[in-house]
Amino acid sequence: MLQAYRRHVADRQKLGIPPLPLNAQQTTELCELLKNPPEAEKEELMMLLRDRVPPGVDEAAYVKAGFLTAIAKGEVTCPLISGQGAVDLLGTMIGGYNVQSLIELLKSKDTNIASAAATALSKTLLVFDAFNDVLHLSDTNGYAKQVIDAWAEGAWFINKPEVPERITVTVFKVPGETNTDDLSPAPHATTRPDIPLHALAMLEAKMPEGLGTIAELKQKGHPVAYVGDVVGTGSSRKSAINSVLWHIGTDIPFVPNKRAGGYILGGKIAPIFFNTAEDSGALPIECDVNQLNTGDVITIYPREGKITNKAGETITTFQLKPETILDEVRAGGRIPLLIGRALTDKTREALGLSPSPLFVRPTAPADTGKGFTLAQKMVGKACGVQGIRPGTSCEPIMTTVGSQDTTGPMTRDELKELACLGFNADLTLQTFCHTAAYPKPVDIKTHKDLPDFFSTRGGVALRPGDGIIHSWLNRMLLPDTVGTGGDSHTRFPLGISFPAGSGLVAFAAALGVMPLDMPESVLVKFTGELQPGVTLRDIVNAIPWVAMQQGKLTVGKGDKVNVFNGRIMEMEGLPDLKVEQAFELTDATAERSCSGSTIKLSEETVAEYLRSNVVLMKNMIARGYQDARTLLRRIAKMEEWLANPSLMSGDADAEYADVIEVNLDEIKEPIVAAPNDPDNVKLMSECAGDVIHEVFIGSCMTNIGHYRAAAKILEGAGTVKGRLWICPPTRMDEQQLREEGIYGIFAAAGARTEMPGCSLCMGNQARVEDGVTVFSTSTRNFNNRMGKGAQVYLGSAELAAVCALLGKIPTVEEYLAIVSEKVAPFEGELYRYLNFNEIDNFEDFGRVIPLDQMPKIEDILGMPVGAK
């Protein structure tokens, strides 16, 4: 084992990174070696056990905890580890598999062992239900009483150093906008769980010399601060923060290959990225960065809210947010603070003590007495109150949580660190949409291992080839509830969601709640009627277009203006949209850098969708999807809502940070996002004639109607000019399109059809040719996302099909002539959606579970369907 491990160490040293953490098999062999260690290897073996085994409920942690417990109990001897030393090492394992052992050791007759166990447990936060065991034991056991007293005092927090009054750093600046694809490039998605290896790809396209510059700046002797005009836009991937912190953060004791801390300064910091930085123990600061340049040595005064240069002159000021941020940094991150503070509060409550004054508590904003917006009511309901005012720190219940395959392995690792063995969120979904089409060996292993990891914790796991996370997760939503997901496009069309990085998603799934600083809302009101040839995707692009006309959004990154940044977009005026259509609007709020979104729909629309989804989930159970109990519970709650349908509405006197009216009567032609920025929206007529080499019709922004319409445009027109990619969002869409003969039309057009999933959208597997111009229905058009040097337009499927037909962006006249002839007369037939309850015998399609072996809702819930 040691020889193989040393070879691995040498291979990694060539890359300048540490070895991988030990797995369970290696840890088992290590523990055997430690029973009779070779003299020359004693120090190395101890280092491996202490520092290179993952904590929490990792399989290797299970082996380590068992070995150390056996030493502490005298069942195994190790010449290098005393009984007390074993207990001390158990105390470094954060929580999970070490907790029950430490509780048992509180009862040891060896007072040194019992005392060491008390010390170890006093700084262990991830105890969850074991809290009750320690509390009960404290009535009769003095060492358990020590633990309870330490938790009540907040000793875990007191023993951590405060954030200094002044922090001197060296600036590393990336001018303009840095998105998460720059920091965590999609083609390297498979390496994300391996933080040091993945971090080698940071800025490889944006600033290839960047990592060398950071290494040089570190020689000045100060920490390096990451600085940018706009930082962290785009995907929610926690790997972006992981990579940044790997280069500018500090090692976390006893947690291999992960770093915390660090300083991030941005003119604008995207909300998900900001939150993920908080969770990871970094100090993110929004401030004017115009006077900051690479190599500058500056001093940050966090409590005074100013930054000075080497001469002591103030060059910029800031206001820390949230008000608890310094506590978060001191605790090692927002998540450790929340867990630790909750443990201290819970302990003090059990002892009849008042809340601890040790922590900065969020200040509730003044109640204006005004009404609440729809979003504020939804979050209020999840917090057990009528509504939540902007600026309120709260922890809403997470009814639905989503995870996909390029973030799922990181979420799994975070869940292990959180010592999670079962989900408290009502439904947690894991999908395989980003890697199913062209899996690498590591992806195939993920496809094999991750479903069981999630389903054994009460989650639901989809299968490779099923399709896109959002197209499925939306079908599992309950109206007026709150959720999250490890993908920035987790933008519920029913209820509201706040997408997050993997750490916060793991927290939400494990604990069933999520911390939220309630954002302000911007109301987008649609008026007028959709004009001929104008699609819903054009209305998606009309939102930033109107905002730009009003000076509320700019494309330039220096002094960027974005009225939507960090706010909730609340949309109304299109109540009769189908839910699939509504998702086009909510989905695209990710590109506006919104923290979340809502859309007001009619009860009839929502009821139609839920009736369909009940049948889909029953079919999933028939097909053997797990966890069936979770699916049954969600079916029961949907049927309960259908029995008594009711939807929340915003109050007429609710207050918004801004109101933007989009008059559909004024949108006379398609609007596209031009290369290479989703905010760079233009009228189609401004781009007419631009040559298009490749066309992609796919992504979560599409539904079955788009493919029918595209096929109608292509039908009988021969082979398209250039390359056409077709990728439906789910296997159900694909099956229906095949049955309707649509795939035959795509074949005749020379299209390349892809397995249902994300395909080109993220650019982590299939990619377009270098340097081509693309028209795409996908979500984003960041530089190099779909292909190296690719220039990408974003717009509707209908316009995409016309571009494929003509090999260029059409004039308004060309476009309207085609769609008025080929689409408009058939709209009722083309834009039909998948209502599974209207498909004969759909519930039994692909059945592998016999009817008499199907679990029953009454058995799962212990109550009849629809019971209160």
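Glycine is treated like the rest: Cβ placed from N, Cα and C.
Summarising the annotation, Swiss-Prot assigns substrate binding site to ARG192, SER235, SER236, ARG237, GLN404, ASP405, THR406, SER488, ARG780, ARG785 and lists similarity to another entry as the type of evidence. Around THR406 (substrate binding site), the C-beta neighbours below 8 angstroms that are at least 6 residues distant in the chain are ALA186, ALA189, THR190, ARG192, ARG237, HIS434, THR435, MET762, ASN764.
Residues or ranges marked as [4Fe-4S] cluster binding site by Swiss-Prot on the basis of similarity to another entry: CYS700, CYS758, CYS761. CYS758 ([4Fe-4S] cluster binding site) falls within neither a helix nor a strand when secondary structure is assigned with DSSP, and so counts as coil. Take the CB of CYS758 ([4Fe-4S] cluster binding site) and look out to 10 A: across all protein chains shown you find 35 other CB atoms.
Between the CA atoms of SER236 (substrate binding site) and CYS761 ([4Fe-4S] cluster binding site) there is a gap of 15 Å, rounded to the nearest whole number.
Within 10 Å of the Cβ of GLN404 (substrate binding site) there are 27 other Cβ atoms, across all protein chains. Calculated from their C-alpha atoms, the gap between CYS758 ([4Fe-4S] cluster binding site) and ARG780 (substrate binding site) amounts to 12 Å. Per the record's binding annotation for substrate, residues ARG192, SER235, SER236, ARG237, GLN404, ASP405, THR406, SER488, ARG780, ARG785 show a top Cα-Cα distance of 21 Å. For ARG780 (substrate binding site) paired with CYS761 ([4Fe-4S] cluster binding site), the C-alpha to C-alpha distance reads 8 Å. Cα spacing between GLN404 (substrate binding site) and CYS761 ([4Fe-4S] cluster binding site): 14 Å, rounded to the nearest whole number. Counting every protein chain shown, the Cβ of ARG192 (substrate binding site) has 25 other Cβ atoms within 10 Å.
Note on ARG780 (substrate binding site): other Cβ atoms within 10 Å of its Cβ, all shown chains, come to 27.
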